[in-house]
């Protein structure tokens with residue numbers, strides 16, 4: 001927390017948070033409603049996603065490739081829409097109305113999705129057992145399904161884009177922004193609620209879907225979301241509702257447009273230019289990196305370019321040096337950021353492990369079996385375990401052994417995550433090859449749902465490896481973005497990981513469809529056949545492992561070209577002082 005030590009000195013002079021609010025707005029009492037609404041959205045979304053491939057294949061009679069493609073696009077939109085929601089909140093609606101509209105739209109998507117489970121007319125009829133044929137969904141039925149998923153994505157974007165920062169707004173009312181301990185507690189509770197929501201979704205909600213049917217299984221997240229929305233709006237009179245402001249995204253577009261409009265201006269080393277600088281800015285001159293963007297902040301005629309207040313008359317022709325440098329910093333981190341995006345392709349393979357688990361023995365006791373879609377919970381547990389082991393065990397022990405504070409650089413942790421993700425795919429391929437061999441030996445190629453005599457617990461190691469990979473790489477990626485981007489771009493830094501997951505899902509869909517087309521081009525069985533025993537999911541996993549190793553090489557090249565990170569330069573400067 002910035003200036004946290006100074007804040008601690010003055011905390012004794014401050015009144016409690018709620019007493020600071022003369023108008024009765026904001027404060028701790030509003031946080032349960034904000035966090036609760038956000039948590040219920042995550043329970044609903046993550047509770048629907050894992051089993052959705054089975055729902056689409058069994059109830060909508062989709063092929064594995066078609067169902068996976070639809071889910072890849074849905075997942076991509078869920079992670080992309082918060083970026084759009086952040087722009088809308090910052091530039092137009094403000095955070096309260098963005099969350100409110102998002103919550104209402106989310107419900108509008110959940111209701112028709114639940115209706116597909118209880119109204120026969122909005123989904124294909126049951127398969128004809130006598131002829132072993134199944135009717136495909138009609139255009140209207142597919143449109144109805146896609147519309148509901150689309151509304152859920154839009155609603156999730158509105159909620160996720162603003163809930164976290166909206167909570168901060170409540171704590172910063174009345175000068176309470178100096179209470180660092182309070183904010184730290186809020187951050188901890190927010191992320192604790194996030195992880196708890198995911199665990200509940202992958203265990204309780206998934207279990208209900210598998211054992212109580214789709215109608216009840218989809219109704220539970222719908223009811224929870226309804227409770228969250230009602231509680232959020234019920235606290236409306238107590239919220240601090242800040243007005244919208246100019247978005248950084250529009251500033252980036254202005255820099256690109258202005259640099260293009262001023263492209264006729266020739267930059268040279270021996271010419272003195274007048275640069276448009278913001279009052280109080282530390283950026284007086286633009287850097288030499290991506291020099292073509294510097295044209296955007298050249299002042300051609302001070303009389304014509306500025307108003308009497310010193311503001312550019314046309315921000316689409318003249319930008320500040322700060323705007324130019326912010327865009328440069330964003331473009332500069334994209335190569336390294338993209339390595340995490342490629343790694344997320346492995347983490348987005350949610351449908352295939354569900355089919356694997358469905359075709360294996362999942363019994364813990366004679367009466368209880370782990371739901372096929374619940375095996376992803378081991379990846380979530382692994383992420384939590386990684387954080388605890390790294391922060392509470394490894395760093396203290398290493399620091400004690402070395403006799404000085406030990407810190408593993410973000411560069412190292414990002415690279416380790418990419419390497420572990422490739423190991424996870426190799427492990428997945430080995431387990432799938434063994435499972436398929438069991439199916440062949442047991443002559444159950446035509447009956448994958450029956451399950452081979454192989455425990456689904458063999459899927460746990462690959463989930464743990466992938467969880468360790470995400471824990472190592474994703475956290476380091478976030479630190480990298482926050483460190484390398486200017487402080488004014490913190491909101492952009494928070495969306496970079498979600499944008500990476502979004503693009504990863506789109507790339508995963510592209511890769512899967514290419515593999516599907518090529519593998520069945522000559523009339524053969526697709527590697528990703530709907531019948532998992534006839535397909536070759538092991539080959540597909542090995543392909544992903546190969547791509548991950550190529551990504552490792554790409555990461556090394558990108559980090560070498562980027563040079564020292566800010567944290568590395570800061571550490572070197574501190575070492576030089578001693």
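A Cβ is built for glycine as well, from the same backbone N, Cα and C atoms used for every other residue.
Features reported for this protein in TrEMBL:
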{"type": "TRANSMEM", "residues": "71-89", "note": "transmembrane segment"}
{"type": "TRANSMEM", "residues": "96-119", "note": "transmembrane segment"}
{"type": "TRANSMEM", "residues": "139-168", "note": "transmembrane segment"}
{"type": "TRANSMEM", "residues": "189-208", "note": "transmembrane segment"}
{"type": "TRANSMEM", "residues": "214-240", "note": "transmembrane segment"}
{"type": "TRANSMEM", "residues": "368-389", "note": "transmembrane segment"}
{"type": "TRANSMEM", "residues": "455-476", "note": "transmembrane segment"}
{"type": "TRANSMEM", "residues": "496-518", "note": "transmembrane segment"}
{"type": "TRANSMEM", "residues": "539-562", "note": "transmembrane segment"}
Among the ranges 71-89, 139-168, 189-208, 214-240, the one whose Cβ pairs under 8 Å to the transmembrane segment (96-119) are most numerous: 139-168
Long-range neighbours of the transmembrane segment (214-240), counting only residues six or more past its ends (CB under 8 A): 24-27, 29-30, 33-34, 36-41, 43-45, 47-48, 51, 55, 59, 96, 99-100, 103-104, 106-107, 110-111, 113-114, 117-118, 166, 169-170, 172-173, 201, 205, 208
Tertiary contacts of the transmembrane segment (455-476), as residues 6+ beyond its ends and Cβ separation under 8 Å: 340, 343, 346-347, 353, 356-357, 360-362, 370, 372, 375-376, 378-387, 390, 410-411, 413-414, 416-421, 423-425, 427-428, 431, 434-435, 497
Non-local residues, at least 6 beyond the ends, that sit with Cβ under 8 Å of the transmembrane segment (139-168): 30-31, 34-35, 37-38, 41, 45, 48, 60, 70, 74, 77-78, 80-86, 88-89, 95-96, 98-99, 101-113, 116, 122-124, 183, 186, 190, 239, 491, 494-495, 498
